[in-house]
Amino acid sequence: MASHKWLLQMIVFLKTITIAYCLHLQDDTPLFFGAKPLSDVSLIITEPCVSSVYEAWDYAAPPVSNLSEALSGIVVKTKCPVPEVILWFKDKQMAYWTNPYVTLKGLTQSVGEEHKSGDIRDALLDALSGVWVDSTPSSTNIPENGCVWGADRLFQRVCQ
């Protein structure tokens, strides 16, 4: 039963990503940062953080019409200065790095949309709500050249 709830939450989450991507067409906030061909999902963890090789990445959205059918998994890398959220497509052997702020906000909203309570939902809501309580409004735009994300002010841009 718990696995069914998780599946339903992921479907809602993927719909939220799709909606956010459609909104991207009208907004300057990109959802997808870059794409890279990788033969195995385990290679995602060994990749350097996007922020350290930013210029080398191609901007691309997954070439699929229905993310929920083609998506094989979601990886969250927390070892980077800014956590990274990566969508993995096994059939295409491609990984797509997403805007972590937009993606995590979509995850928070999708978990919150389910009206039935359950152990998994409650645990996720508790964990995710703590993240957003103390956060200040921040730009989800990609930093311009010469800008870095300050470690002490993770959610603010620092430009020289």
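Positions of Cβ are set from backbone N, Cα and C atoms, glycine also.
Features of the protein shown, as given by Swiss-Prot:
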DISULFID  CYS49-CYS80  disulfide bond
DISULFID  CYS147-CYS159  disulfide bond
DOMAIN    28-160  domain 'gL alphaherpesvirus-type'
REGION    24-149  region 'Interaction with gH'
SIGNAL    1-22  signal peptide
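Secondary structure at CYS80 (disulfide bond), taken from DSSP and collapsed to helix, strand or coil, is coil. Its Cβ placed at the centre, CYS49 (disulfide bond) has 15 other Cβ atoms within 10 Å. Around the Cβ of CYS80 (disulfide bond), a 10 Å sphere holds 15 further Cβ atoms from the protein chains shown. In the predicted model, residues of the region 'Interaction with gH' (24-149) average a pLDDT of 67. When secondary structure is read from DSSP and collapsed to three states, CYS49 (disulfide bond) falls in the coil class.
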